[in-house]
């Protein structure tokens, strides 16, 4: 960032470097191996008195001189010219660090030139012994040039101890020096054989031509074992991150690895033609094809080496945009533009925000990216919103370690995101009309404490169920709402009733026939592997059905509820009526109501574009779905988007296990919740509960506001139970620590609620969650030792979850306190009391069932002891009451 960079919006400087470098590197390797080829071929001709071979060597020397010295010299100067303009910072560092090495290399290079000129021009004019000595001197000087240059090139990928010592010798003889030297030496010998075929193919004498072709074949195939072994050796000395970028997680590397692989097969496969007698024309065409394959092979190798080095131009020292690693932290605090010497903008204002973003883009991004040409930025970002671009910049260099991190302040990040979105992509922010919820009337069922003998408590198990709602493309949350219930017979000793009773339920008018407003049934076979009968859920329940009896409760699982009413109204809290009926007599024992919380307000569109799918209100749009699948395909080499467009959408959990759907995990793939949170935590880091709201339907101004219970009313947010997104993700990743992706996703995450991520207790999603008693240790509101969070204080297992736990009498906690995320005292934007139906019905106030010593709801005699849990009666605080 201390030098102006040569900006080429269409071609890009890196492409120019690649073109000139690949050409020069092929010729430079030929210059080394070709020298040995010449002197050994001449020695063979003299020893066997083969005049034809000696004449060939002389003619090949002229070709070699023109190609290696003249053309090679020009391209070498061309490389210096290009790199000094495109990556001046790295060029300057290499010059200053290796002044002695460059000087020595120039001595060797001059020796090469002198020896080659004498070797060519005195070919028939000096005695053969002296001429061979000159040939050997040329090869020795050429190989010593490779020796020095190899050390500098290997240093850029494996600087080793130089990073701490700064010592010249540590830099030159770095960990990659030896394998790289041996590997490049093998390449040089192979190229010598290939280029020897070119001049041999023009020989008129067929017998001589065939003989030399076989001789050249030995040069191609004998070094092959050295090439393979040192190539493997080379991969062992690069860092784990470099290996990961090259072989596993960088989609860009696939092309160049393939080029290298296929060029290798083609080069050494087609090279076999040299062993057969073929017409002169066929031999000539074959020779030139092999030369082209040499350039292709070298392109694949050099590009692979560049990818392994990313995100650095000098590994672990200088990023590919010229920013020094050691300066990044300070720049993040003080500002990138203040440190950039080649921009007039120092401070960002509303007026210069886009211009500042343009400057940041030029200085941080254009060393690798063009706008519309090679490695263009537009296709990379075209599927993201402005918010999504900001998230992408936040996550640079974390999950995809081949990208350098964004360096600068949050305002500079916002400026760059704004420039990319508004100027480069020419887009406008989609105006979304503020959602105005409909407040539905409240009809509380009657309850007569003098006459009614039974109390029916019903609740949703999660307090909010989301539906991914675009089964045409994918599904991870089907319409599947679960209700549980407990029926009590009132008395001096209340009884929990589970036998000889039938509990019926019916959904409110307008929500019948959900199949008319959902694609779930159309794609159930493709996604879930079964043809679910129309109107039925995955567990065989409909929206008007009966509950199943269990040992201590009733349940209706996976009811296919959706949030769309028949008259096009959106209501994520449709009401169900429940009736307990005596199975023998048909007598109505008890009746109550409860909401089925279900939302399609998935926040994918906030980053991945697309708007809302259903009436501009909710649901994942087709465009959003396509953008999501395209991103997954890019990062994971899948074909989900093509599969969906061919009518074969996938269930996300078909690869990613998920306790929520009962799908077992696969050995090397993260479970669904861990993958989602672990990945996105790297892109939405540094936020509080706002990161939760970007995805989940919990926003106060959203179309659902699922977190609506007493905790929300007391300004307790998601993070005070689950931790910030980074904390939440680290707990899940710790539970999957044996899987390769867990290490990669957790590497850059910094926890907020603990000092050391290794102290975070591992957990399984949906099974091990925060424990209520971590805050309410003695069943009080807050204990003296209250830490402000229940993060990292998990329940011991599934049975201890709030939704599954019972008191000492078999009464489920959730039955009296209300659904998760909607504990009683809730406020619902679709009707303030909508979630408090049962407390209002049974005790006339919207607090916990039995609050204010209202034990008489179930107990017909006065209670003087804590029967359900400690501090139940003695507690003197007021309940959270909504009148």
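Counting starts with 1 at the first residue shown.
Cβ from N, Cα, C; glycine included.
All annotation found in TrEMBL is predicted automatically rather than curated by experts.
Listed by sequence, the residues of this chain that lie at least six past the ends of the transmembrane segment (15-41) yet keep a Cβ under 8 A from its Cβ atoms are 8, 53, 56-57, 60-61, 64, 67-69, 71-72, 75-76, 78-79, 82-83, 86-87, 112, 116, 119, 132, 135-136, 138-139, 142-143, 145-146, 149, 184-185, 187-193, 195-196, 215, 219, 294-295, 298-299, 302-303, 370, 373-375. What TrEMBL records for 15-41 (among others) is transmembrane segment.
Counting residues 6+ beyond its ends, the transmembrane segment (62-83) has Cβ neighbours under 8 Å at 13, 16-17, 20-21, 23-24, 27-28, 30-31, 34, 38, 90-91, 112-113, 116-117, 120, 195, 198-199 in the same chain. Here TrEMBL flags 62-83 (among others) as transmembrane segment.
Long-range contacts of the transmembrane segment (95-121) within the same chain: residues 31, 35, 38, 61-62, 64-65, 68-69, 131, 134-135, 137-138, 141-142, 144-145, 148-149, 151-152, 155, 168, 171-172, each at least 6 residues beyond the stretch ends and with a Cβ under 8 Å from a Cβ of the stretch. TrEMBL lists 95-121 (among others) with the feature transmembrane segment.
Annotation comment: TrEMBL describes 133-157 (among others) as transmembrane segment.
Sequence annotations record features per position, and here TrEMBL assigns transmembrane segment to 177-198 (among others).
The transmembrane segment feature in TrEMBL is assigned to 219-239 (among others).
Within the same chain, residues 194, 197, 206, 210, 213-214, 216-217, 220-221, 224, 286, 289-290, 293-294, 296-297, 299-301, 303-304 sit at least 6 positions outside the transmembrane segment (259-278) and bring their C-beta atoms closer than 8 Å to a C-beta of that stretch. TrEMBL lists 259-278 (among others) with the feature transmembrane segment.
The transmembrane segment annotation in TrEMBL covers 285-303 (among others).
Averaged over the domain 'Cytochrome c' (352-455), the predicted model reaches a pLDDT of 93. Here TrEMBL flags 352-455 as domain 'Cytochrome c'.
Long-range contacts of the transmembrane segment (133-157) within its own chain (CB-CB distance under 8 A, at least 6 residues past either end) are made by residues 28-29, 31-32, 35-36, 38-39, 42, 90, 94, 98, 101-102, 104-105, 108-109, 111-112, 115-116, 118-119, 122, 126, 171-174, 176-177, 180-181, 184-185, 188, 238, 242, 305, 308-309, 313-315. Beyond its flanks by at least six residues, the transmembrane segment (219-239) meets 33, 37, 157-158, 175-176, 178-180, 182-183, 185-187, 189-190, 192-194, 196, 246, 267-268, 271, 274, 308, 315 of its own chain at Cβ-Cβ distances under 8 Å. Taking H, G and I as helix, E and B as strand and the rest as coil, DSSP gives the domain 'Cytochrome c' (352-455) the counts 41 helix, 4 strand, 59 coil.
Same-chain residues lying 6+ beyond the ends of the transmembrane segment (285-303) with a Cβ under 8 Å from its Cβ atoms: 18, 21-23, 25-26, 29, 187, 191, 194-195, 197-198, 200-201, 256-261, 263-264, 266-267, 270-271, 273-274, 278.
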